[in-house]
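As structure tokens, the structure follows; a few thoughts come after it.
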Amino acid sequence: MAEKTSDDIFKLIKDENVEYVDIRFCDLPGVVQHFSIPASAFDESVFEDGLAFDGSSVRGFQSIHESDMMLLPDPNTARIDPFRAAKTLNMNFFVHDPFTREAYSRDPRNVARKAENYLASTGIADTAFFGAEAEFYIFDSVSFDSKINGTFYEVDSESGWWNTGEPFESDGSANRGYKVRPKGGYFPVAPYDHYVDLRDQMATNLQNAGFTLERGHHEVGTAGQAEINYKFNTLLAAADDVLLFKYIIKNTAWQAGKTVTFMPKPLFGDNGSGMHAHQSLWKDGQPLFHDESGYAGLSDIARHYIGGILHHAPSLLAFTNPTVNSYKRLVPGYEAPINLVYSQRNRSACVRIPITGNNPKAKRLEFRCPDSSGNPYLAFAAMLMAGIDGIKKKIEPLQPVDKDLYELPPDEAAAIPQAPTSLSAVIDKLEEDHEYLTEGGVFTEDLIETWISYKRENEIMPIQIRPHPYEFSLYYDV
């Protein structure tokens with residue numbers, strides 16, 4: 001695809017009668033930030049001089065005494081917003097230092113761009129493709145609070161199994177049944193698939209935004225767990241796609257009076273929501289992961305890439321599974337990939353090699369640990385850097401395991417390395433093991449230190465010091 005220029009953007013604004021341009025960038029934890037300017041004020045100076053903003057008010061960015069930052073546009077990301085009342089053009093920006101004009105080291109999009117450039121500089125490959133499968137839950141309502149004298153959360157859904165005993169639906173009509181059982185939601189037709197029309201509207205909005213869709217369906221969980229798959233993209237663009245995907249899914253649900261969450265584990269006793277990451281390397285237009293003589297049709301490069309992913313997984317998960325809630329999902333019994341091995345077809349392995357027939361271009365690996373709770377730019381960049389390290393050092397993964405890893409005898413299971421079980425553990429591992437991330441200056445020490453301190457201070461510690469409601473069930477009467 002040809003690179004877009006400022007002239008292309010000005011033409012688009014004129015042709016589409018755009019009224020506002022929405023300026024978008026990503027904070028360090030992974031939430032899109034934005035502000036809007038009138039289209040009449042969006043001129044060539046934006047491309048030359050950038051737009052200023054207060055970096056001290058953005059999570060993970062600057063201190064107040066050096067808060068001024070600058071945004072420069074990425075014309076390739078321009079899209080018409082499907083939800084705004086006024087005709088609005090959304091565009092992603094890169095963050096820069098306003099004095100040196102250097103790309104900002106903590107800008108997640110810049111990290112993703114540097115990872116792509118580093119891959120090319122190694123000579124191993126010139127392109128990394130990523131395809132994300134972001135699962136989510138559709139709920140009718142949500143409420144939660146955390147106070148000094150009480151903590152609670154509650155979600156509800158007309159298709160939730162917990163509503164089988166209610167006499168009425170939410171609209172006041174009689175309960176008509178067809179509630180999805182926990183772990184029983186994979187592929188049922190309506191009326192079990194209660195939100196199929198909403199999912200179709202999500203799919204329509206995604207296609208209108210430029211996504212090439214593959215399929216949409218109800219996922220395993222009760223209460224409207226869903227998945228909509230779309231075509232892969234190059235690393236930076238794929239991370240852009242994840243955040244645009246989440247924006248469209250959430251706002252389509254919002255317009256329909258529903259609420260969507262990409263939390264890894266919103267429900268106790270049912271499957272969590274992952275973001276399986278398919279990935280492959282290419283050079284000069286040719287795929288590098290295929291060799292029909294290798295196990296599962298994998299080349300040596302692919303096997304060593306997997307070796308890097310598995311070897312660094314305990315620290316890598318600090319970016320691919322970066323929340324406390326992530327580790328409520330990575331537990332046995334819910335199809336979660338907790339075993340740090342690879343396998344063909346086997347979904348109980350951390351890395352799966354999908355069956356792709358004899359098509360070399362389709363050969364890829366699927367890293368099944370990641371979820372959607374973090375920053376896709378940092379997650380994809382970290383996965384690529386781990387894979388590159390595996391290739392450069394020829395890291396051999398353990399022998400593939402084609403058995404059901406959940407049903408292994410205890411002696412065999414003990415020999416299988418497991419993913420860490422808490423955010424605290426992976427943050428500690430990141431502190432010990434991150435040299436592979438700083439190769440080529442892709443991740444800086446400053447970014448990694450900021451990530452570690454942010455996670456400890458804002459997520460790990462606040463949860464550690466608060467009583468959990470279930471503790472009252474266990475201990476109130478001690």
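One is the number of the first residue shown, and numbering goes on along the chain from there.
Using N, Cα and C of the backbone, Cβ positions are placed for all residues, glycine too.
What Swiss-Prot lists as Mg(2+) 1 binding site is GLU133, HIS276, GLU366, and the listing cites similarity to another entry. Annotated Mg(2+) 2 binding site per Swiss-Prot: GLU135, GLU219, GLU227, in sequence order, evidence recorded as similarity to another entry. Taken from Swiss-Prot, the feature ATP binding site applies to GLU214, TYR230, LYS231, PHE232, HIS278, GLN279, SER280, ARG347, ARG352, LYS361, supported by similarity to another entry. The feature L-glutamate binding site is assigned by Swiss-Prot to ASN271, GLY272, ARG329, GLU335, ARG347, ARG368, with similarity to another entry given as support. The annotation domain 'GS beta-grasp' is assigned in Swiss-Prot to 16-100 on the grounds of sequence analysis. The domain 'GS catalytic' annotation in Swiss-Prot covers 108-478, and the record cites sequence analysis as its basis. Under the heading O-AMP-tyrosine, Swiss-Prot lists TYR406, citing similarity to another entry as support.
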Stretch-averaged pLDDT - the domain 'GS catalytic' (108-478): 95
Cβ neighbour count within 10 Å of GLU366 (Mg(2+) 1 binding site): 19
Surrounding CB atoms that lie within 10 Å of the CB of GLU227 (Mg(2+) 2 binding site), all protein chains: 19
Distance in Å spanning the most remote Cα pair of GLU214, TYR230, LYS231, PHE232, HIS278, GLN279, SER280, ARG347, ARG352, LYS361, given for ATP: 22
Residues flanking the Mg(2+) 1 site, with Cβ no more than 8 Å from the Cβ centroid of GLU133, HIS276, GLU366 and excluding those residues themselves: GLY131, ALA132, GLY274, MET275, ALA277, HIS278, ARG352, PHE367, ARG368
In three-state DSSP terms, the structure that ARG347 (L-glutamate binding site) belongs to: coil
By Cα-Cα distance, the member of binding-site residues GLU135, GLU227, ARG329, ARG347 nearest SER280 (ATP binding site): ARG347
Neighbouring C-beta atoms (10 Å sphere around the C-beta of ARG352 (ATP binding site)): 22
